[in-house]
Amino acid sequence: MAEAERIIGTPDIPEAAGAEPEQADGESGGAGAGTERPKGRRRIAVLFAVAALAYAFDLVSKLIVVAKLEHHAPIEIIGDWLRFEAIRNAGAAFGFGEAFTVIFTVIAAAVIVVIARLARKLYSLPWAIALGLLLGGALGNLTDRIFRSPGVFEGAVVDFIAPKHFAVFNLADSAIVCGGILIVLLSFRGLDPDGTVHKD
């Protein structure tokens, strides 16, 4: 009887032994999934922190310019090479396309939506910084287009940084350009927003 029980019970031993590694694998997989989520949240936090800073600097600078500089003589910062001069720009960044204010407003809103959707898969710190700059800059100029005259979605953006022989721009434009340049560099290096690196 004991011999029969031994023969019958023997096949169960490998299965029982095999079940433990599977359980361990499942536990390690769960631990891996748990470590990825905080990483993603940290990158999203960086994205929105950078966007908030860029937006705040742009908003405060425009409020100061409108209150202190508009309808006044330009202020020379570096001789006539760099001045602060308040103007209203109905076009895109650096004064381009003034006849398409509504179109640029829609584009800015679309960029914000795309960045918000992309944030769910954001695991790369450099991409978080780049997209944060884009988001903050887009929000800054979109705020002007919605709330400033002559009307909703047709408002003129406040520009004030006036280098010699160059278009007048603002801090939101600077954030957008810096974010765009960083995205191009990251793309050339093969770094994706989810943190993976690929080589063509």
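Each residue, glycine too, has its Cβ placed from N, Cα and C.
According to Swiss-Prot, the active site annotation covers Asp159, Asp173, on the basis of sequence analysis. Per Swiss-Prot, the feature region 'Disordered' maps to 1-37. Taken from Swiss-Prot, the feature transmembrane segment applies to 46-66, 96-116, 122-142, 166-186, supported by sequence analysis.
Cβ neighbour count for Asp159 (active site) (all protein chains, 10 Å cutoff from its Cβ): 26. Asp159 (active site) and Asp173 (active site) are 9 Å apart (CA-CA, integer value). Secondary structure from DSSP puts Asp159 (active site) in a beta strand. Counted within 10 Å of its Cβ, the other Cβ atoms near Asp173 (active site) come to 23, all protein chains included.
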